[in-house]
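S.K.: Structure in structure tokens, see below.
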Amino acid sequence: MTRTNGVSGGGGGQQQAPAAGKLPRKRFYRARAHSNPLSDSHFPVPVSPDEVDLSQHYPRYFPADKGEEAPPPPRIRFADVGCGFGGLLVGLSPLFPDTLMIGMELRDKVVTTLFCCALDFCGCPVYYSKLKVTEYVKERILALRASNPGQYDNISVVRTNSMKYIPNYFRKAQLTKMFFLFPDPHFKEKNHRRRVISMQLLDEYAYVMEVGGIIYTITDVEELGEWMRSCLEKHPLFEAVPEEEIKADPVVKLLSTATEESQKVARNGGQTFHAIFRRISLQEE
Amino acid sequence: MEDTAIEEAEVSGAAEFAPALIASHPHGNSVAVAIGPELRVFDLKSGSPVSLSDDCGGRSHADAIRAICFGVSGALFASAGDDKLVKVWKTDSWRCIRTITSEKRVSAVAISNDDLYVTFADKFGVVWLVTLGEDGAEQVSVDNKPVSILGHYCSIITSMKFSPDGRFIATADRDFKIRVTLFPKNPVKGAHEIQSFCLGHTDFVSCIAFTSMSENQSFLISGGGDSTVRLWDYINGCLLDTCQVRDKMGELLEQNETDDSSLAVADICPSNDGKLVAVAIQSFNGVMLLACDLVGKKLSFLKVITMEKSYIPTSLASSFSSEFLWTVMGASNMPNQASNQLLTRLRIIPRFQKDLISSDNGPLILEDSEVPHGEKLLLALQGSLDIAKQEEVLASVLSALKVSMHKMLVKKHYSEERREQRKRGRNDKKIKN
């Protein structure tokens with residue numbers, strides 16, 4: 001059995017940047033589309049936001065040799081919940097080059113099969129390799145940083161269950177944008193409580209967002225789109241962003257073009273439904 | 001191995017023990033003990049046991065009571081548990097004025113400071129609110145159903161308390177978190193604005209309590225499975241101090257008894273002067289007292305009060321007006337436990353105030369003969385005066401308690417085969433093609 005080296009990083013969890021900034025091949029990281037948000041997979045969770053080690057994610061912003069007058073370290077401002085393969089983050093990074101952004105993804109192991117393929121390999125099917133979706137995103141970011149020096153330093157990914165642990169990662173009023181792109185619809189009514197947008201969870205998202213911050217949601221499932229819009233409308237801490245503002249926002253275009261899911265929807269000629277709301281403060285009674 | 005012991009217990013159905021609970025009326029009028037489905041109340045003013053009456057069509061609870069509390073004014077009392085019922089009682093007549101049905105078993109209950117609302121938490125982590133009728137109103141409108149006001153996503157809420165000024169409701173869960181939420185004037189619409197998260201515990205949070213030494217400043221104290229008691233500035237979600245109970249216990253107990261999982265904090269109770277915190281620890285036969293300095297914002301070890309070897313308190317209670325710390329030991333839902341064996345044991349610590357307890361005069365624990373209303377109280381609340389019989393029952397409770405808290409509050413991690421075995425029992429599988 002020959003081990004191919006077409007896959008950057010390999011299955012051993014090595015973190016070195018791929019040769020010459022070669023981007024990781026997506027097809028070696030195929031994932032199941034769904035993962036159970038109720039199960040506690042064994043990933044480490046920070047006890048509190050103070051424990052989050054940003055220097056691991058954004059090394060350029062946390063140099064080891066800080067001078068005396070080093071400015072206070074920046075905070076993460078954008079969070080992409082369920083970032084999948086990282087498409088949105090890659091699209092956002094150049095638009096906001098000095099804003100730290102993080103993708104949060106739950107999905108665990110990915111089983112890939114390397115088939116013989118005329119393009120890169122020769123020989124027979126080689127081996128099953130287990131890689132993580134978040135590993136793919138990390139590799140992608142490292143590759144981009146290597147081939148575009150000075151760029152993509154502001155994005156990173158973490159594997160976690162954002163439905164349970166958002167307050168562990170972010171302080172009160174820390175985020176200015178939150179993204180929920182094509183979340184799992186959980187069609188069955190008994191599974192509605194697993195939806196990532198719900199009245200209950202909006203309390204927590206409102207807590208980590210600053211007043212004026214914006215929450216972006218998009219889906220191609222009409223019923224889910226109505227559900228998300230209705231939850232946001234009912235929630236006292238969010239109000240709809242007016243159409244003119246949505247049209248003027250450069251981020252909105254990315255929602256329906258930047259990610260694999262959105263590209264698939266476009267290919268199939270599907271419709272998308274977005275709900276974009278602003279975090280407001282409650283009027284005192 | 002821990003896992004096999006717990007699995008065996010699961011199989012034999014013996015792992016869902018319900019610890020005995022105790023609560024004291026804020027003005028010292030009465031004391032309530034809950035053991036299994038039984039609610040036992042003793043009236044301290046008249047010196048006689050209370051007989052409960054229920055107008056709500058049902059008898060008393062049908063299954064283990066998991067939470068009890070008095071409202072801060074003393075007018076109301078609530079009990080709730082595994083029978084999915086929340087019962088609200090008036091404490092002057094001890095009549096049940098409301099019985100509320102929950103869809104799931106209830107793990108925590110609280111009464112708002114103005115006696116207008118009762119909140120309860122179910123095992124999905126959702127907190128529900130019920131509006132109580134005006135005082136004396138018998139007819140409650142039909143559509144006064146519980147509304148959900150907040151939730152800890154898929155986590156069991158272990159403790160729920162209102163802040164002394166009534167502005168906040170604090171909820172603690174088994175996923176190490178404490179959430180402090182604004183309790184609005186009109187809570188029926190939900191409590192959506194989170195004030196803070198108090199994060200720092202590294203294991204389940206088992207109990208929380210507010211404490212204050214003056215009218216306008218109060219703090220939150222919590223105890224958890226990580227063997228710590230913590231002091232919080234809950235307005236800002238800041239951890240002020242942590243007391244490592246495990247270290248102190250290590251010094252006091254013999255080596256072979258200090259097994260990590262058995263040093264969880266079972267209950268905490270601040271004194272009414274705000275200067276002491278009593279701590280019940282899962283396998284310790286006594287109460288640990290911590291000195292609580294709210295000015296310096298520090299918690300420190302003060303002393304332990306050791307009781308007889310077989311007595312491990314499962315619940316603590318105190319009131320504003322008296323200096324007693326009430327403790328109770330007991331458990332229900334144990335294997336081979338006959339219904340007439342719902343026995344508990346009470347011990348009382350007098351002088352539960354910093355200045356009184358620091359001095360060395362006087363006994364630290366009341367003898368049975370010194371207990372107010374002596375035998376009558378003990379018989380009513382314990383279920384028996386026969387110490388020997390009790391010892392026998394309580395001995396089996398001892399070992400059961402060690403397993404139960406761990407099982408209830410620590411998320412089970414199944415081995416691969418066990419998980420596959422459990423999956424086979426699922427009924428919603430799709431057929432793969």
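Cβ from N, Cα, C; glycine included.
Heads up, here are the entries from TrEMBL:
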ACT_SITE  A:D184  active site
BINDING   A:G82, A:E105, A:L106, A:N161, A:S162, A:L181, A:T259, A:E260, A:E261  S-adenosyl-L-methionine binding site
REGION    A:1-26  region 'Disordered'
S.K.: Out of A:D184, A:E261, which of these recorded positions shows the lowest number of other CB atoms within 10 Å of its CB?
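M.R.: If we count Cβ atoms within 10 Å for the recorded positions A:D184, A:E261, the smallest count is at A:D184.
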S.K.: Quick one: pull the CA-CA distance for A:E261 (S-adenosyl-L-methionine binding site) versus A:D184 (active site), whole Å only.
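M.R.: Each residue's Cα considered, A:E261 (S-adenosyl-L-methionine binding site) and A:D184 (active site) end up 11 Å apart.
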S.K.: Under 8 Å Cβ to Cβ from A:S162 (S-adenosyl-L-methionine binding site), same chain, six or more residues apart: give me those in sequence order, or none if nothing qualifies.
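M.R.: When sequence neighbours closer than 6 are ignored, A:S162 (S-adenosyl-L-methionine binding site) has A:A79, A:V81, A:G82, A:M104, A:L106, A:Y169, A:V196 within Cβ distance under 8 Å.
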S.K.: When DSSP is mapped onto helix/strand/coil, what comes out for A:T259 (S-adenosyl-L-methionine binding site)?
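M.R.: Going by the DSSP assignment, A:T259 (S-adenosyl-L-methionine binding site) belongs to neither helix nor strand, so it counts as coil.
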S.K.: So for A:L106 (S-adenosyl-L-methionine binding site), how many other CB atoms are inside 10 Å of its CB?
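M.R.: Other Cβ atoms within 10 Å of A:L106 (S-adenosyl-L-methionine binding site): 24.
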S.K.: With the S-adenosyl-L-methionine site defined by the record as A:G82, A:E105, A:L106, A:N161, A:S162, A:L181, A:T259, A:E260, A:E261, how many Å span the farthest pair of C-alpha atoms?
M.R.: 21
S.K.: Looking only at C-alpha atoms, tell me how far A:D184 (active site) is from A:T259 (S-adenosyl-L-methionine binding site), rounded to the nearest Å.
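M.R.: Cα-Cα distance, A:D184 (active site) to A:T259 (S-adenosyl-L-methionine binding site): 15 Å.
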S.K.: If you draw a 10 Å sphere around the Cβ of A:G82 (S-adenosyl-L-methionine binding site), how many other Cβ atoms fall inside it, taking every protein chain shown into account?
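M.R.: A 10 Å sphere around the Cβ of A:G82 (S-adenosyl-L-methionine binding site) contains 22 other Cβ atoms.
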